[in-house]
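What follows is a short report on a single structure.
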Amino acid sequence: FWNDSENVDVTNLKGLGDNSQRTKNSQNKKTGHINQGDEYINIESDLHENKRASADDEQPRLKGHFEKKYDKVCEFYKRHKTRIHYVICGILMTVYSAVVIAACSLNFQRALPLFIITVIATLFICWDFLVAKYEDKIAAFLSPGEKYLKKQWFWLKWVLWAALIITVIYWLIFDTAKKGSRHLISFVGLVMYVLLMFIFSKYPTRVAWRPVLAGIGMQFILGLFILRTKVGFDAFNWLGIQIQTFLEYSDTGAEFVFGNKYKEHFFAFKVLPIVVFFSTVMSILYHTGFMQWLIRKIGWIMHIFMGTTPVESLVAAGNIFVGQTECPLLVQPYLPYVTKSELHAVMTAGFSSVAGSVLGAYISFGVSSSHLLAASVMSAPAALATSKLFWPETEKPLVTLASGLQMGKGDSKNLLEAASQGASTSIMMIANIAVNLISFLALLTFLDSALSWVGSLFDYPQLNFENICAYVFMPFSFMMGVDWEDCFIVAGLLGYKTFFNEFLAYERLSKLIHNREKGGSMYINGVKQYMTVHSEVIATYALCGFANFGSLGLVIGGLTSLAPSKKKEIAGGAFRAMVAGTVTCFMTACIAGMLVVPGLEVPCHILLENASNFTDFPANNTELVECCQHLFSSANHSEKIFPTGNYSLTSWKVCCQILGQPSFHCT
């Protein structure tokens, strides 16, 4: 308006040259001019009128009866908001406790999983409450012990090292005497992989051994609990069964969309809908904050025991549940400030595990759900150990626990939006899986045909990609503890996983598992049709990771978009991280080879058949002795001269050699 007034003044001065007009214009410098006619509008007067109108609108009006009551209720809620929340939580907890008590009183065995989950959740909630309220007092209470440990640590660490070495030696001696010598091969393989990572380390002289040994130790303890204790094995087996049951609910949506015959196209209409369903569930858990809470707890445990930084600990914990491209979103604000070693650890953790959504697809193939879950959990500390050995920390981390690390949150407003976002996100994932399988299988078929043609020129038409990979990876599979007869097959699976993807490898493994379950001849035209359960278990652990050349581009592109300033470091360390992720899976497979006990999951007739194929099974093997005693007991109570059932002549020969009984059946 000031500019308009000045323009009017210049025009009038030029046109009229009248002093009176000049005086009038000077008096109206705060007014606006409208060219239609000679009207002048006083802006200040309009502003005063608008203020008076708004003041009239702001005058209190009479409220109705219900409106007054509503305001009183709102005011009461604001004053007593905390107490109301406590009362509601108390009522809900009372109702839940009553339900748990009622279920346990009716049938405690049936309600045992609910009781265990309730106890664990209660302990975590109480721990969070105590830490939030009495953190300083707890730290002050524990500080004398911490100071004493720091003071005595120089000689105490040597005592711990000696105790650890003696324990491992004695355990190997007794376990070898009881289970057989093939478990020693897996132990030697584990030592070999650690030495190889140390030899080819980025900075061998700067390796900090605490995270390395603590990570391997946590991996071994987890494996010991899951594979050797009845409680751990039953817990993971139960959890695997529940996940299988849960994933079957995706059949309802698949059947509605694709019709009753959807299972005829098994992969497209049975397996891929599981990825959609699992992605939706994970998005809901992420929205509610449960996933962040669980990841924070697991990351805190690894941070305390291994001494790793919060960023890499959280990412390693998150990769148990989510994929290698989604997990760095948890710590996205801190990625520009991480060191090269931390960035390498973030990438290694992604390469050494698989996403929960595709884990459901592997389970639908027929691969053991309990072993897949165990592999995902065991690889988390192993990934940090391998990463810190292959690329030691040489810088001072900027992001520490004192920084107040905050985890990323979803942008969904409610549960329905979170579920919809999870389903929409899976579209790209299932499309990526489908197109990669189509292209890789077509490429593999062409490659096999070309290699077969080249081989036929030298009278070896059996030459194919699997055979080449088998010869390359056979030493690695043997050092993991795979039976020598199965090394060629497992090495081929490792080649599929490394050069293509783990989806293709697990699909091949599932065929071998189904062949074994069907029975039949083990060799057809000199080609082995299935493996032993021991080799299947090791292969399951060795394949459980995203470490392949296809994922290399995904990791570089995903992390670069989250931290553009680290583009050079990401590209420079990605290949080393892929190698570290591959070795992490191999180390997890070594632990499984050391600890797996076929008798826990294999029926007696299959266990005896497997024992007949090996000469290193000790005669005092507990599971074999129990199976043979059961076999002779059933034979003594049978009217048949030679009761067969599921047992073959080979099984009887094995039992006769183990027990050495001069029974009628042995003669």
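The backbone N, Cα and C atoms fix where each Cβ goes, and this holds for glycine too.
All annotation found in TrEMBL is predicted automatically rather than curated by experts.
The annotation region 'Disordered' is assigned in TrEMBL to 13-33. Feature annotation from TrEMBL assigns compositional bias 'Polar residues' to 18-29. Taken from TrEMBL, the feature transmembrane segment covers 86-108, 114-132, 153-174, 180-200, 207-227, 266-286, 298-323, 343-365, 427-447, 468-494, 538-562, 574-597. Feature annotation from TrEMBL assigns domain 'Concentrative nucleoside transporter N-terminal' to 188-260. What TrEMBL records for 268-366 is domain 'Nucleoside transporter/FeoB GTPase Gate'. Per TrEMBL, domain 'Concentrative nucleoside transporter C-terminal' is recorded for 371-593.
Note on the transmembrane segment (468-494): residues 182-183, 185-186, 188-189, 192-193, 451, 505, 508-509, 512, 528, 531-532, 534-535, 538-539, 542-543, 586, 589-590, 592-594, 613-614 of its chain, located 6 or more positions outside it, place their CB under 8 angstroms from a CB of the stretch. Panel annotation: around the transmembrane segment (266-286), residues 247, 249-251, 253-254, 257-258, 292, 321-322, 356-361, 364-365, 410, 412, 415, 418-419, 421-423, 425-426, 429-430, 433-434, 437 of the same chain, lying at least six beyond its termini, place a Cβ under 8 Å from a Cβ of the stretch.
Comparison of 86-108, 153-174, 207-227, 427-447 by number of C-beta pairs under 8 angstroms to the transmembrane segment (298-323) places 207-227 first. Within the same chain, residues 267-268, 272, 275-276, 279, 357-358, 361, 464-465, 500-501, 503-504, 550 sit at least 6 positions outside the transmembrane segment (427-447) and bring their C-beta atoms closer than 8 Å to a C-beta of that stretch. Applying DSSP to the domain 'Nucleoside transporter/FeoB GTPase Gate' (268-366) sorts its residues as follows: 80 helix, 0 strand, 19 coil. The stretch from 153-174, 207-227, 574-597 that makes the most Cβ contacts under 8 Å with the transmembrane segment (343-365) is 574-597. Across the domain 'Concentrative nucleoside transporter N-terminal' (188-260), mean pLDDT in this model comes to 88. Residue counts for the domain 'Concentrative nucleoside transporter N-terminal' (188-260) by DSSP state, with H, G and I taken as helix and E and B as strand, are 61 helix, 0 strand, 12 coil.
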